[in-house]
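Asker: Starting off with a structure, shown below.
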Amino acid sequence: MADREGGCAAGRGRELEPELEPGPGPGSALEPGEEFEIVDRSQLPGPGDLRSATRPRAAEGWSAPILTLARRATGNLSASCGSALRAAAGLGGGDSGDGTARAASKCQMMEERANLMHMMKLSIKVLLQSALSLGRSLDADHAPLQQFFVVMEHCLKHGLKVKKSFIGQNKSFFGPLELVEKLCPEASDIATSVRNLPELKTAVGRGRAWLYLALMQKKLADYLKVLIDNKHLLSEFYEPEALMMEEEGMVIVGLLVGLNVLDANLCLKGEDLDSQVGVIDFSLYLKDVQDLDGGKEHERITDVLDQKNYVEELNRHLSCTVGDLQTKIDGLEKTNSKLQEELSAATDRICSLQEEQQQLREQNELIRERSEKSVEITKQDTKVELETYKQTRQGLDEMYSDVWKQLKEEKKVRLELEKELELQIGMKTEMEIAMKLLEKDTHEKQDTLVALRQQLEEVKAINLQMFHKAQNAESSLQQKNEAITSFEGKTNQVMSSMKQMEERLQHSERARQGAEERSHKLQQELGGRIGALQLQLSQLHEQCSSLEKELKSEKEQRQALQRELQHEKDTSSLLRMELQQVEGLKKELRELQDEKAELQKICEEQEQALQEMGLHLSQSKLKMEDIKEVNQALKGHAWLKDDEATHCRQCEKEFSISRRKHHCRNCGHIFCNTCSSNELALPSYPKPVRVCDSCHTLLLQRCSSTAS
């Protein structure tokens, strides 16, 4: 339809008159019993009747040829608009003229809405019939699909506000479609892809591309429903009487749900989407009058049957509504009786409450008199209390000063405690550091243990040497003691011999006097013997002194050896103490090693569990990816028909009798035998099936990643 500019009735008649293109397209004839109806202003239903009328109207057919009805509608429109203009001219100027103009524009908008809604019904029906005959897959060259987009564009442009800018006036339906991106996040992909198309230069082209993509996604009805549900946002773009703002918008959304059955493959590249708005081709929906003359009786019968079914359905609906209303009336009568009972109870309660109110007033007066008396008494009491308060305040001030001092002392104590706490925290950190150092010390003590063992072995060897030396010294001491005892015996013998000699000398001296002569002779012999004996005595004295010196030196050596033995005993006791400490450290080390082994076992078990969990997770992720790809393959990849493909997708060679067509069971596209000679097992097929080269390499990479 051409855009309306508002004016005389003749102009409106020209706009509503359909432009017929020569040459009938596919599906140019309607079935018998179908018609397209252009409604007059007087026949328009109210907004409340639209909801109930849409259900039976879906089953209704069209009962007259569209051309005659279109001419009749244009005549009615011209007559009604002419009468409206004459009435406006007769009333003359001011507010009355504006009111009639507004009423005329509202009527015009209502007629346009009804015509567009019926046109949308026709275009969707013809599109579905042609799609069913062709196999439910459509492309951009399909004539009913093109006409559907033209009608859809007219519906979206109906009642659209004109936006003024510095460049000029702009009237495009892409503005409200952009709101879908904010209301429905799923539509963001469509909006971004439309904006990124470099071929589109105008907002009209972007809006058409958006409609193409939404139809291919099978979500056109959902997106438009979201828009219509948010009419407060649409009011910025549309007039209040626009199609998208009224009930007809919801009807069109319900009709668009049926298009989700179709598969549309529309290529946006190479399409001139920025061109002017197309004209609706009524040749797709028209039949010749000659063809319709033969089926008039059949049409009348079908009309009568349809009207009969419609009346029966209305009767059923009305009987149901009557029953519902009867039940509602019964419920309302019951509630009314209950409310009357409650009202009587409420009136009785009000009377009792009024009596209680009078009693309370009398009690209030008595309480007031008593309160006045009590106020005088309390005044006297307050004076006494003031004096006591002043006295107590002085005491409280003193108490406050004492408490303030205590508070200061407690603050000091608190600061000291905080310092101690900080010290304890420091000690705790030092303990943690000491624990770490202990671990280091254990390693160092292990090294010192090895060194101490070596030192123990050396000390044992030294002790053995010293023990042997002590034994040798004791044996030599025993020998020397024996020699001393022998020398003492010899000296005793010499002393006894000396005594004997002295006795002999005395005898000799006595005998000398008696026998001087004999002694004089023997004196020389005895003198020589005495000198020899004296020499022997001196030698024996020298030997005794040397033996005594040797004894002293041996005693000193013995004492030194005893000291060394005592020192060695002390060192051995210290070493034993250290050995005991080392044994305690060994026990601690063993306990720590056992704890370490247990912790290592727990760590290894946890690592094994983590590895197993990682393997399970990786396997589950791979399974999820396989399932997602299978779902994508089931959802996204369209199974191409043999008629749609003329060339191989990979090598782009034309199919012939020798070069046959083969489907890839993974992506659904058609390839030649050389490009799809591989076979692989897929999750959706139990046996190995034919796969193209690209899918074969991709599946092999995935299998290798899962195996690794």
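Keep in mind that glycine also has a Cβ here, set from the backbone N, Cα and C atoms.
From a predicted model like this one, the values you see are computed outputs, not experimental measurements.
Taken from Swiss-Prot, the feature Zn(2+) 1 binding site covers Cys648, Cys651, Cys672, Cys675, and the record attributes it to sequence analysis. As annotated by Swiss-Prot, coiled coil applies to 321-374, 405-617. Look at Swiss-Prot and you will find 1-17, 500-522 tagged as compositional bias 'Basic and acidic residues'. Feature annotation from Swiss-Prot assigns phosphotyrosine to Tyr389, Tyr400; the stated evidence is experimental evidence. Positions annotated as phosphoserine by Swiss-Prot: Ser620. The zinc finger annotation in Swiss-Prot covers 642-700 and is backed by sequence analysis.
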Asker: Can you list, in sequence order, the residues of the same chain other than Cys648, Cys651, Cys672, Cys675 whose CB lies within 8 Å of the CB centroid of the Zn(2+) 1 site?
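Answerer: Once Cys648, Cys651, Cys672, Cys675 are set aside, the remaining close residues are Arg649, Gln650, Glu652, Lys653, Arg659, Phe671, Asn673, Thr674, Ser676.
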Asker: Which of the modified residues Tyr389, Tyr400, Ser620 has its Cα closest in space to the Cα of Cys651 (Zn(2+) 1 binding site)?
Answerer: Ser620
Asker: How would DSSP class Cys675 (Zn(2+) 1 binding site) in three states?
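Answerer: Reduced to three states, the DSSP call for Cys675 (Zn(2+) 1 binding site) is helix.
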Asker: Looking at the recorded positions Tyr389, Cys648, Cys675, which has the shortest Cα distance to Ser620 (phosphoserine)?
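Answerer: That would be Cys675, the closest of Tyr389, Cys648, Cys675 to Ser620 (phosphoserine).
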Asker: Could you check what DSSP calls the residue listed as 'phosphoserine' once collapsed to helix, strand or coil?
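Answerer: Where the residue listed as 'phosphoserine' sits, the three-state DSSP reduction gives helix.
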Asker: Using the structure shown, find which entry in Cys648, Cys651, Cys672, Cys675 (the binding-site residues) has the sparsest Cβ neighbourhood within 10 Å.
Answerer: Cys651
Asker: Calculate the distance in Å between the alpha carbons (Cα) of Tyr389 (phosphotyrosine) and Cys672 (Zn(2+) 1 binding site), and round it to a whole number.
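Answerer: About 112 Å separates the two Cα atoms.
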Asker: What does the structure give for the C-alpha distance between Cys675 (Zn(2+) 1 binding site) and Tyr400 (phosphotyrosine)? Integer Å is fine.
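Answerer: The Cα atom of Cys675 (Zn(2+) 1 binding site) is 101 Å away from the Cα atom of Tyr400 (phosphotyrosine).
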Asker: So what's the average pLDDT for the coiled coil (405-617)?
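Answerer: Residues in the coiled coil (405-617) carry a mean pLDDT of 79 in this prediction.
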Asker: Taking only the Cα atoms, work out how far Tyr400 (phosphotyrosine) lies from Cys648 (Zn(2+) 1 binding site), in Å, as a whole number.
Answerer: 102
